[in-house]
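Q: What Swiss-Prot lists as ATP binding site is GLN11, PRO12, THR13, GLY19, ASN20, GLY147, GLU148, ASP149, ILE186, LYS195, MET196, SER197, LYS198, SER199, and the listing cites sequence analysis. What Swiss-Prot lists as L-tryptophan binding site is ASP135. According to Swiss-Prot, the feature motif ''HIGH' region' maps to 12-20, an assignment based on sequence analysis. The feature motif ''KMSKS' region' is assigned by Swiss-Prot to 195-199, with sequence analysis given as support.
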Amino acid sequence: MIKKRVFSGIQPTGNIHLGNYLGAVKNWVDSQDEFDNIFCIVNSHAITIKQDPALLRAKTYELAAVLLACGIDMKKSKLFIQSEVDEHAALAWILDCNIPMGDMSRMTQFKDKSQKNPKNINIGLFNYPALMAADILLYQTDFVPVGEDQKQHLELTRDVAERFNRDYGETFKIPEPMIPKMGARIMGLDDPTKKMSKSEGKPNHGIALLDTPDEILKKFKKATTDSENLVRFNPEQIGIFNLLTIYQIFTGYSQEVIEAEFEGKGYGIFKVAVAEAVIEGLKPIQERYAKLTKEQGYLEEVLSHGASEVRKIAQKTYKEVKERVGLI
C-alpha cells in the first residue's frame, strides 16, 4: 500500500521550543509509520530576516540533531536541508511568474513581519509564500501539517497549483491541510494570548527543548495564570488552560483524571507538577541530543543522504514543470 506523503518544514532560527515540539514535531514522530514523511530544515526561508552566517550554519545542524533526538527515524522518514536541493528556488521563480500581485499582497504574515522589522523589508519576505508553495508542490505532497497562522499560505499554495494545472495541464497534486487536534497552538507562558514563538526574545516566554531542569522549573513557576486558583479545563482561563494542555500531552492523562488530581490544590502545586512532567519528558531527548552533537560527521552524512533521496523526487517534478512552461 502506497503511503500518503506529508511535507513539513521548520526554520533553523531561535531555539526550538515546546510549542514546536507539541504542535508539530511530536506529531511528525508519531506519524512516521502511517505516512511517507519529508522533513525540511528551511534555511532559505530563514534568510528573509538578516542572519549571522556562522550562527545560521550552527543552528541548522543543531536543529537537525534536535529533530533526530526527538525521534525522527531516517529509515522511515526523509530529513534534509532546503538549500541542498536547488529545485526549491528554481520552482519558486516559476511560481512567482504565475502568482498575481494581488494574491501575494493579501498575505497577512508579510504585513505582521514587516511591521515588526520595518528596516528589513525585502522582496524575499514578500515572496516567502511562493517559496513555501514550491517546497510543498515539488514533492507532490498529499498533506501539510499547518497551524492556524500558516493556513493562509497553504490556501495560496492550493490556488497556485490549481491555476498552474488549469493553465498548463495536470502537474501538481493539490495538498490538503493537516491540523492536529491537540497541541496545535501552545501559547506563551508569560502571555497566554500569544502563540509560543521562537522569535520572541523574552526570557520567560517559552520552554526550549534544551533548557535545563532548573530553567524549566523557574519558567513554569512564573507562568501567567489568573486569580481563580481552579485547575480545570476552561478555555476562558487561558493561562491555566495552556498549562493543562501541556500537562495532558506529557502525561497522557484524561481531563477528568487531571482535574480530580488537582482538585482543591493551588496553582503553585500544579505548576511544579507540569514542570516535572516536562523535565521527565524532555530528558531522553536531551540525552540523545548530547550524543548526536558529538557526531558531526554522522549528522552531515544523514542530511546528505536525505537530500539525495528527496532530490530524485524534486528533479522529476521540476523537469515536468520546465517542459510545461516551455523552458529548456
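Cβ coordinates are placed from backbone N, Cα and C, and glycine is handled just like the others.
For the listed features, I'd like the structural context: burial, neighbours, distances.
A: All chains included, 20 other C-beta atoms sit within 10 angstroms of the C-beta of THR13 (ATP binding site). Secondary structure from DSSP puts THR13 (ATP binding site) in coil.
Within its own chain, ASP135 (L-tryptophan binding site) has PHE7, GLY9, CYS40, VAL42, GLN82, HIS88 as residues 6 or more apart in sequence whose C-beta sits under 8 angstroms from its own.
Remote same-chain residues near the motif ''HIGH' region' (12-20) are listed as 41-43, 46, 49, 51, 56, 59-60, 62-63, 66, 185-187, 195-199, 206-210, 246, 278 (criterion: CB distance under 8 Å, separation of at least six residues from the stretch ends).
Outside the motif ''KMSKS' region' (195-199) by six or more residues, the chain places 11, 13-20, 147, 149, 185-189, 205-206 with a CB less than 8 A from a CB of the stretch.
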Q: Check ASP135 (L-tryptophan binding site) against DSSP and tell me helix, strand or coil, would you?
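A: In the DSSP reduction, ASP135 (L-tryptophan binding site) maps to helix.
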